[in-house]
Every structure is written in structure tokens, then in C-alpha cells.
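*Asks:* In case it's useful when we look at the structure, here is the feature table from TrEMBL:
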{"type": "COMPBIAS", "residues": "413-425", "note": "compositional bias 'Low complexity'"}
{"type": "DOMAIN", "residues": "158-297", "note": "domain 'SET'"}
{"type": "DOMAIN", "residues": "307-323", "note": "domain 'Post-SET'"}
{"type": "REGION", "residues": "116-137", "note": "region 'Disordered'"}
{"type": "REGION", "residues": "413-435", "note": "region 'Disordered'"}
Amino acid sequence: VECDESCACSSLSNPCKNRAIQRGLKKVIGDDVIEVPLKGIDPFIRKRIFDTLPKKMSEKNKNFFIEQLVLPALRARCGAEDKDSSLIGAFEDVLQSCEESSRKLDIACMEARDASAAPDSETQSEDSSPPNSTKTDDVGIRDRWYYLKAAQHLYSVAESRVSDFLAYPKGIGVLVKPGKSFEAHEFLGEYVGELYPSWRWFEREATIKSVKKAVQENAPVLPEFYNMVLERHEDDPLGYDLVFVDPKKKGNYCSRFSHSCDPNAMVTVVASEGLYTIAVYTLRKISEGDEITFDYFCRTDSKDEAREAICLCGTKDCRGSFLFFSDEDSDQILHRDHSFFRRIVLIVNCDQEQTISDSEREILNKFKIKESLLNGLPIWGQKFAASVCQFIDHESKTLPDELYKLRVKSHSGSSISNRSRSGMSPEPLDLNDIKRNSDEETEIVRNKRIQTLAITLDKIKYFLRHKGQPQHSPLR
């Protein structure tokens, strides 16, 4: 929630920083940021670069070389006229940059030797840098000198294997304009577009998907990722709800931020002057020429979608896909305790009583299912929502332990298999890490279930609004 004019954290000399949306302090296209056709590298190309770098180079230095030298060089070469998919040009730019820094280092060393030999060397300015200082630029002369050999080796290998080192189009991306930089937690802009209720959005998407399949029968149909879900905060007096934001026709540059598994920005729902908006903020300092990215954090139940959604962020933390795949492990409690037959029985039972019990009201309040979702919903629909919430509550309590057991068992099995093949001792099992990941996955599943319930209730209300539709349970 943004502050208002009555907040106590503002003064004439230090205005409140939590009112950027109200004051319209968004970044301006052309003045602060620029849109450019960009390319990226997938995990396979990244690994090929990583493996090609000198073996004596540490993993940390290899990651730095790729992310702080190669990727910026690739971004610098992107543009409307750049149709070359080879990385050889970017590698050449990195090599030239390292050679230039090496020359600067030679000059710095000679100047330092001359200064130390001079009789008045003790009177040098305190701002003087030693020969091996990293002060000259962001990467540092000494570091560039160290990476020179790596750049020479990579370029020589790539020259003879050009087709092994390729970049792939990412579409239009957004870069920080030269001469500009943004600090951490700085407001970038609002993610805007046309608003769709759930029922209308999925009706629209189903139509688009069927048309695409008809035009390209064998082509995989991936969902569009230019949309965003705007969720009403659960603490709102009206309770939880959501709408879909489609910026395709009426959006701004924020909809063109690329995905990254190690993003430098984030999106969050903010209440400003009584209205909800999707705001984008920086996570850390972003320098000129850097691409602005955030984690799309999308999930899918389709292996084909996850396989086709290849990530091109090129970071060391790349997950390989910009989609999280919800495997069977996450749905084990659903299949066991909330099967199709049980759901049918649940719907039948919901139509037996015409009142909401205290326990049902309590569970609806616990999940913030209130007026916004319940208005216009018959009693059986409200009882159905309460029953689903009861299952979500049960799943949230039991799933972490089940995931923990499966992850430990899976790790033990893979460790034995790897040891039998390599003869090496397995990596130590971090139980705390597995426990933390299990809890995080459960929280993601819980949020997805609540979102799906909200969408389902909106579809039910839309169906019942049609003239002549019976208001009783569909299984009566």
C-alpha cells in the first residue's frame, strides 16, 4: 500500500519514497529506457561456452565471464539491423575489450614504476591507484587482464565452430538508456492493459488456441505470456478476487520486459489512492545498457508446454524453461484425497442443505473468500467453495511431509546410481534445503489452488446469470 499525503515519513528535504505511483515517477521510454530487438542464449549454448573456457578457470570466474562480458556484448550488438545468429561477433567484442584493458594495464604499470622511481613519489595524491587496482572500470583492469587469455581461447575455438555458438531471438526487450542507471527498489512503471474477468479471458484463450491449431495442425501451441493476473489483496474488506490484464493492444513498455531466472526487477500488486495496480520495481542497481527483466513465475501442467518454453536468460541459475512444470508429486494429495468421484459426491452434498454452517463460514473467511467472490453465488455454490477450501487446508498441512519424503528418497536413489557409475561418493544430503523447498512448493500449490477456485466461481456466476438457467446444483 502506498502512503498518502498524511504520512509521517515525508518532509520537505526528504519526500516520501512510497508515493512514486501517485506522483507519476515512472520511467519514460526514450528518456530513461529504450526498446530493442534482443537475442539470448539457451542453457545448452551457455554450457558449451562454459565448457570451452580454460579448464583452470574457476566456476565463479567462468560465470562472471559469461554474464558480465559475453551477455552485455551480445546486447550491445542487438538491433533492428542485426540478423546474425552467430555469437562470434560478441566474442570478438569481448576479446577487443579485454585487449584494450590489457594495454591500459601495461600503461598503468609503467606509470606506477616511473612514479615510484621519482624523488617526490612520496607526495603522490592519495587518490592514486596501485598498478593492479581494479579502479579503472567496473570489471577492473586486473580482472580484464586475467580474462584476456580466456577471451582469446574462446574466440579461436568459435572461429572454427561458428554453428556451435548461436544466439536466439527473444523478441523486443527493454534496456536502460546510455547515461542512465536505476538504484535498488526504484519504481519503473505500471503493467497496464485491457481488463478481463476470468470467464471471458479463458473463453477468449480457448478460441485463439483452437484457431491456431486449425492453422498449424502439428505445431505446439504455447500460451501467451504477455498477460498478467491482477489479484485483489486478501486483506481487502471484499476478500480475494482476480482479473486478467492484457497489454497486447493497450499496454506499455513494461509488458516487454523479458523473463530471467535471475531477474533485476519484480512485479507486485500495490494499492495506490484506493485503486489496485501492478507495479514494477527494481531489485538491485541496474546500469546503463542492462536489460530489465523479471521472473514470469508461470506454472503449467503440460510437459509439452514446459519443454517448448525454453529460457534464454543465460544466467548461471537458469532453470531451462520460463515455465514451472507441476509434476505428479505436487498433485499426489489431490489424486489421493480429492479424486474425481469424491468431487462428484461433494457437489451432490452441497445441494442437500440450504444454509451455510458456522464451520463453512469459518473456512471461507480463513481463505478470504468473501463478498467479491460470493455475491451472486447460490447457497450450493458457496458450500462448494467451502468444501474446496477445506481440501486446500488439508493439502497444505500434509503435502510438505509427503514432498519431503519423496525428495529424500529420490536423492538417495540417484546418489546410489551415480556412485555405481562413477565410483565417487555422493554429495551430502541437505535436509534443511529439502524441507525449505518442500514448504515453498506447497505454498505455490496452495496459491494456485485458491486462484483456480476463484476462476471457477467466476465461471459459475457467469453461467447462472444467463436468462433461464436453473439455479440449483448441476447434479440435482
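Using N, Cα and C of the backbone, Cβ positions are placed for all residues, glycine too.
Whatever TrEMBL says is automated annotation, not expert-curated.
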*Asks:* What are the DSSP helix/strand/coil residue counts across the domain 'Post-SET' (307-323)?
*Replies:* 2 helix, 3 strand, 12 coil
*Asks:* DSSP helix, strand and coil counts for the domain 'SET' (158-297)?
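*Replies:* Counting residues per DSSP class in the domain 'SET' (158-297), I get 28 helix, 51 strand, 61 coil.
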*Asks:* Restricting to the domain 'SET' (158-297), what is the model's mean pLDDT?
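*Replies:* Per the prediction, mean pLDDT sits at 89 for the domain 'SET' (158-297).
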